[in-house]
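Asker: Okay, handing you the structure first.
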Amino acid sequence: MAEYKLEVTTGEMPYAGTWDHVFVTLFGNEGQSERIELDNYGPDFTRAAVRTYTIKTSSSLGKLLLVKVEKDPYLVLSEDAWYCSKLVVTTPEEDVILFPCYRWISRGELVELRGGRVCTYALRQFQCFSITLFVCFYRWKIMAEGLPHINSFNNESELPDEIRYSDSKSNETLNTEMIMWINILDILSYLPIAFLPEYVTEHWKEDDFYGYQFLNGINPNVIKKCSELPPNFPVTEEMVKPFLEEDSSLEEEMEDGKIFLYDQKKMDGIPARDYNGEPLHVSAGLCLFYLNPEDKLMPIAIQLHQQPSEDNPIFLPSDSETDWLLAKMFIKNADFIDHEAVHHLMSTHFLAEVYTMAALRCFPVIHPLYKLLIPHFRYTIYINTEGRESLFGKNGVLRISSLGYDGMMELMRRALSEMTYSSLCLPENITARGLESIPNFYYRDDGLKLWNIINSFVTAIVEYYYPSNSEVQKDTELQEWINEIFTHAFLRNTASGFPGCFHTVEEVIKFITMVIFTVTAQHAAVNNGQFDYNSWVPNGSLLLHQPPPTTKGESSMETILETLPNVGESYNPYSLTMWPLPQNTVPLGAYPEERFDEPAPKQMIKDFQEELSYLSEEITSRNSELKVPYTYLNPTEIENSITI
């Protein structure tokens, strides 16, 4: 006789337990056990329970490879799903093998769990149905031509339990929505930090703070160094000389790398929506910035349309206060729309959904890259499925923007067609924009350190499981994953530089680094500051009523008030910009589910967490010396996945 000891752990979330009958079958390379019910005296699978069972077989099953788990109803009770966290099996040979599960199991469902230390290819001798089922269950759908593809579920109620919000997360979201009904003046009392919204309210008109936001606000990925003015932006020396260092010139400042450009040309020609029968307007404008001797980034010239003309003057800081303020407001309006549609929704949420869907469809749960990536995909499909209607649907929050639903869809199409692989890889992005040395660029400083820490961690994990390029090339599941991403995220656009297959270990490391950085740090950078910077609507509004000024000297404060949305219109974006309440979150680097069984990757995770902790201390120390602290890329403020 051979004896196997099973330790079965039930999840800690509400309703994780079950009264149903649970059966297991053990499979080894030399045989299999009978189908055996796990039944001790008293309740077995209560919430957070850890129970031990003994299974006897006539002889050893050899190398234990697979455990099949089934659940049958108890008496006539209604459906009673069970959240199984993991099984740990001790074999007669004293091997202790982890079988991670971390999913809900329903009645009549057969779940195959593979041993935690089994290599990627060891189980091909078994016919495993899980991938085939996932491919059928997680299906692609085209939301709109020219955009990343999405999951085929019509609403969040159709989603399987394991990718839906937990009860505690749902309660957190409900609490957030309840708070939003409270007067905006009372909202600050619910937030852990109220300093920055108040600071924005007091300083939003100031040019140096305006420039600061293009480096460290919610959209730090748009400006670039300007070594030559675009031909459609005829700024002259005479125009800007008063705003440059004494005895300097625009040409000299460009040569010294002190001139920077914001250019919203991809928005040009997209029609704005109608509002009460009247067309709205969006400015696909250009803004020139100067890094002055005090290392402050200052706007020095604004043109509100792409093509110069008499009706499209270049606004300057020396113009009237309201002319200059209006020009800055129209640039920020376009930037806020671009931020939400492109840099927030499409470049983090929508791409993350493709990464997640491809992983669920292509990787078995025992695959080392599934174990590495799945914590970074927690709740992403759920929040996207729910948000596509409430946030981005035809009746969603973003309909209030000047571009409207159709215009934002077109903006995203254009942005995706121009997107490059290097633009999502922060080191290459910074270099391409010429921003390696601009001072006080905390998004860059913290982001590059995070990129390197993530890259070192990913390198250690990937090289452990893929010691050579040939291991990469023959891993069909890995190749299917990247091919699905290339097809469904980047629409097989070879000009983008995105890979459609992997040839080397280095290529895998770079891509997975980009994926983890995107769904953690990059999402935090473009999401977590929305309430800080845009709860004060004049600093950044999705909607402006009046057309951009075509002449100088005719505006007034009344013009500005007529241009801004009214109180009712200003309310809608609050659900978008609400501070994510810090409850039930999993911070970057936390891996609460035990999926890796080998000592080496467990130690790599600990090393990763230590590096993040050191960086957090460094950022906290730096922020204590700053007038406006930059907290969004502090690892303690970054969630491990896109969940809001």
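Each residue, glycine too, has its Cβ placed from N, Cα and C.
Below are the features I grabbed from TrEMBL:
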DOMAIN    2-119  domain 'PLAT'
BINDING   G17, D80, A81  Ca(2+) 1 binding site
BINDING   D39, N40  Ca(2+) 2 binding site
SITE      W104  site 'Essential for stabilizing binding to COTL1'
DOMAIN    196-644  domain 'Lipoxygenase'
BINDING   H344, H349, H523, I644  Fe cation binding site
Asker: Looking at the recorded positions D80, W104, H344, which has the shortest Cα distance to N40 (Ca(2+) 2 binding site)?
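Answerer: Spatially nearest to N40 (Ca(2+) 2 binding site) by Cα position is D80.
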Asker: In angstrom units, rounded to an integer, how far apart are the Cα atoms of H344 (Fe cation binding site) and D80 (Ca(2+) 1 binding site)?
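Answerer: On Cα coordinates alone, these residues lie 38 Å apart.
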Asker: Report the residues of the chain - excluding H344, H349, H523, I644 - with C-beta within 8 Å of the mean position of the site's C-beta atoms, for the recorded Fe cation site, in sequence order.
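Answerer: Here the nearby residues are L345, T348, A352, I383, V526, N527, I642.
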Asker: Taking the Cβ of H523 (Fe cation binding site) as the centre, how many other Cβ atoms fall within a 10 Å radius?
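Answerer: The answer is 24.
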Asker: Give me the sequence-ordered set of same-chain residues, not including G17, D80, A81, with a C-beta within 8 angstroms of the centroid of the Ca(2+) 1 site's C-beta atoms.
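Answerer: Surrounding the site, in chain order, are Y15, A16, T18, W19, D20, F45, E79, W82, Y83.
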Asker: What's the number of neighbouring CB atoms sitting within 10 A of the CB on D80 (Ca(2+) 1 binding site)?
Answerer: 16
Asker: For the C-alpha pair, I'd like the distance in angstrom between I644 (Fe cation binding site) and D39 (Ca(2+) 2 binding site), rounded off.
Answerer: 40
Asker: Taking the Cβ of A81 (Ca(2+) 1 binding site) as centre, how many other Cβ atoms lie within 10 Å?
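Answerer: I count 19 other Cβ atoms within 10 Å of it.
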Asker: Distance between D80 (Ca(2+) 1 binding site) and H523 (Fe cation binding site) at the Cα atoms, whole Å?
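Answerer: Rounded to a whole number, the Cα-Cα distance is 36 Å.
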Asker: Limited to the domain 'PLAT' (2-119), I'd like the whole-number average of pLDDT.
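Answerer: That stretch averages a pLDDT of 89.
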Asker: How do the residues of the domain 'PLAT' (2-119) split into helix, strand and coil according to DSSP?
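Answerer: Grouping H, G, I as helix and E, B as strand yields 0 helix, 64 strand, 54 coil.
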Asker: I need the nearest neighbour of A81 (Ca(2+) 1 binding site) among the recorded positions D39, W104, H349, H523, using C-alpha distances.
Answerer: W104
Asker: For H523 (Fe cation binding site), identify the closest of the recorded positions G17, D39, W104, judging by Cα separation.
Answerer: W104
Asker: From the Cα of W104 (site 'Essential for stabilizing binding to COTL1') across to the Cα of G17 (Ca(2+) 1 binding site), what is the distance in angstrom?
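Answerer: Cα-Cα, rounded: 10 Å.
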Asker: Measuring Cα to Cα, how far is W104 (site 'Essential for stabilizing binding to COTL1') from H349 (Fe cation binding site) in Å?
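Answerer: Rounded to a whole number, the Cα-Cα distance is 25 Å.
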